[in-house]
Each structure stands twice: as C-alpha cells, then as structure tokens.
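Annotated features, as they stand in Swiss-Prot:
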type	residues	note
DOMAIN	25-247	domain 'Peptidase S1'
DISULFID	CYS31-CYS161	disulfide bond
CARBOHYD	ASN44	N-linked glycosylation site
ACT_SITE	HIS65	active site, charge relay system
DISULFID	CYS98-CYS254	disulfide bond
ACT_SITE	ASP108	active site, charge relay system
CARBOHYD	ASN119	N-linked glycosylation site
CARBOHYD	ASN120	N-linked glycosylation site
DISULFID	CYS140-CYS208	disulfide bond
CARBOHYD	ASN152	N-linked glycosylation site
DISULFID	CYS172-CYS187	disulfide bond
DISULFID	CYS198-CYS223	disulfide bond
ACT_SITE	SER202	active site, charge relay system
Amino acid sequence: MVLISVLASLLVLQLSYAQKSSELVIGGAECNINEHRSLVLLYNSSRLFGGGTLINKEWVLSAAHCDGENMKIYLGLHHFRLPNKDRQIRVAKEKYFCRDRKSIVDKDIMLIKLNKPVNNSTHIAPLSLPSSPPSVGSDCRIMGWGTITSPNDTYPKVPHCANINILEHSLCERAYNDLSASSRTLCAGIEKGGIDTCKGDSGGPLICNGQIQGIVSWGDEVCGKPNKPGVYTKVFDYTDWIRNIIAGNTAATCPQ
C-alpha cells in the first residue's frame, strides 16, 4: 500500500465549485472499522479518484466524474499504512454511464463491473440498493477518505464518517443556479453548516436506513458552509437501470 504521505504528495486536485472528486468528510470523526464494509477507494499511483460502494460481489457504484485511467479499486481498507488481511484489490472490467462524463450537475453515476468477484469478509460486504426514496428529514450517514478541512486540505489516514439529513431539494436549488428541480438528485447536509462531504469523498455513499440512497456528487468549493448543502445522485431513480445492467441487459435505457 502506498504510504499516505506519498499519496497526498501525488494527488492531482481538480477544484471547482461543482466537483468533489477528491473530497473528504468535514466535521466527522474516524469511522468504526466495522461500519464501512461496503466502502471502496478508487485511485492509482498518482491520483485519488474518490470512493464507491460495493453493491454485490461483482459490482461497485460510484460517480461518473470519478472515472480515471489505470484506476484500482481497494476494498476492505481502513488505515493507509496498516492494510488489514481482508484488503482486496480489483480493477474495472466494464464501466457503464448515464451521461456525458464531462458534466456532473445531473446523472452523475458510474456502475463498475469488477474483473473478478470479491470475497465477503469481516471488513467487506455489499450495501443494499434502496427499496424506496428517502424522505426529507431522514437521518443519513456519509463516509470517505476526503479532506477533513476546507478550504485548506488535510487528508486523513483513515476514513471519516458523519451524520447528515435529507433536506428540501429547493434549498439546493437556491444555493446552486445550475441545479434544476427536475434533476435526479438529493439535497443533503446540515443547514447551519459544519458537516459535509468534501474533496476525496466523491462517489462514496449517502446511507439512509441501511441502504445506499445517494452518491456523493458535488457542492460548494468550500465545504461545510451554511445553506450550501451537498448534492447527491439519487440512487433510487436508477435502480431499474442498475438491475438491468447487472442482469446482462447492457442496452438498458437510463432514466430521462
């Protein structure tokens, strides 16, 4: 495993208000080693692409803008310097998208088929797809290896977790001019600020009621600002597409 000091020195950060492709949890704390069994890390020797979520033994869900060349997929990872015996590494066999990967305002989703199945273990297990969409006010969990400070970056050696809520979508519409009411996204965070996903967390999960309800997508350039919640891909709207792709119907149509 590459040492965190080396990894941090090689990160290529692409900062814009509409991208969290290298972001971490602001206002959180170290995740319990047993609570992020589905969390994966996407990176190569020179760049942190973001996170993702294992949804079955062969498939990972992430954000489209986290895609990159020579990307490796790490599972069962907690401490960069102390990889545990359960750690497994995979690469993408196939990738599926719902839109032009250059834009992340909407349809920011990537479905990855692994080159070989993973083995479930103490620190590796899939997360369920949503059976229904989350309601406003729902308590949710965010997690990732992104920066824990903003605007200056501080990358941790372990993933951080925090609790946030599903907010009215109109709050994000007011905060971001590019976001439309019809976008297939969720608005989530803490209205007063202080807790947020940030650079390095993109592609990671928004977990509500034990299911992956959102994918970390984008937000303000400075993470954790009041009235500037995060925007998350709404996974429920893509469940039919995801299941069709997994079943072998690779021509499945994305929701419009």
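A Cβ is built for glycine as well, from the same backbone N, Cα and C atoms used for every other residue.
Note that the coordinates shown come from a computational prediction; the quantities given were computed from them, not determined experimentally.
The two recorded residues CYS172 (disulfide bond) and HIS65 (active site, charge relay system) have their Cα atoms spaced 20 Å from each other. Taking Cα separation as the measure, SER202 (active site, charge relay system) is nearest to HIS65 of the recorded positions HIS65, CYS161, CYS223. Of the listed recorded positions ASN44, ASN119, ASN120, ASN152, SER202, the Cβ environment within 10 Å is emptiest of other Cβ atoms at ASN152.
Just so you know, the Cβ of CYS208 (disulfide bond) picks up 22 other Cβ atoms within 10 Å once every protein chain is counted. In space, HIS65 is the closest of the recorded positions HIS65, ASN120, CYS140, ASN152 to ASP108 (active site, charge relay system), judged by Cα positions. Reported as a whole number, the C-alpha separation between CYS31 (disulfide bond) and ASN120 (N-linked glycosylation site) equals 19 Å. Comparing CYS161 (disulfide bond) with ASN152 (N-linked glycosylation site), their Cα atoms are 19 Å apart once rounded. When Cα-Cα distances from ASN152 (N-linked glycosylation site) are compared across the recorded positions ASN44, CYS98, ASN120, CYS198, CYS254, the shortest belongs to CYS198. For the domain 'Peptidase S1' (25-247), the predicted model reports an average pLDDT of 94. On the backbone, the CA of CYS254 (disulfide bond) and the CA of CYS208 (disulfide bond) stand 23 Å apart. DSSP assigns HIS65 (active site, charge relay system) to a helix in the three-state reduction. For the pair CYS187 (disulfide bond) and HIS65 (active site, charge relay system), the Cα-Cα distance reads 18 Å. Across the structure, HIS65 (active site, charge relay system) and CYS98 (disulfide bond) are spaced 11 Å apart at their Cα atoms.
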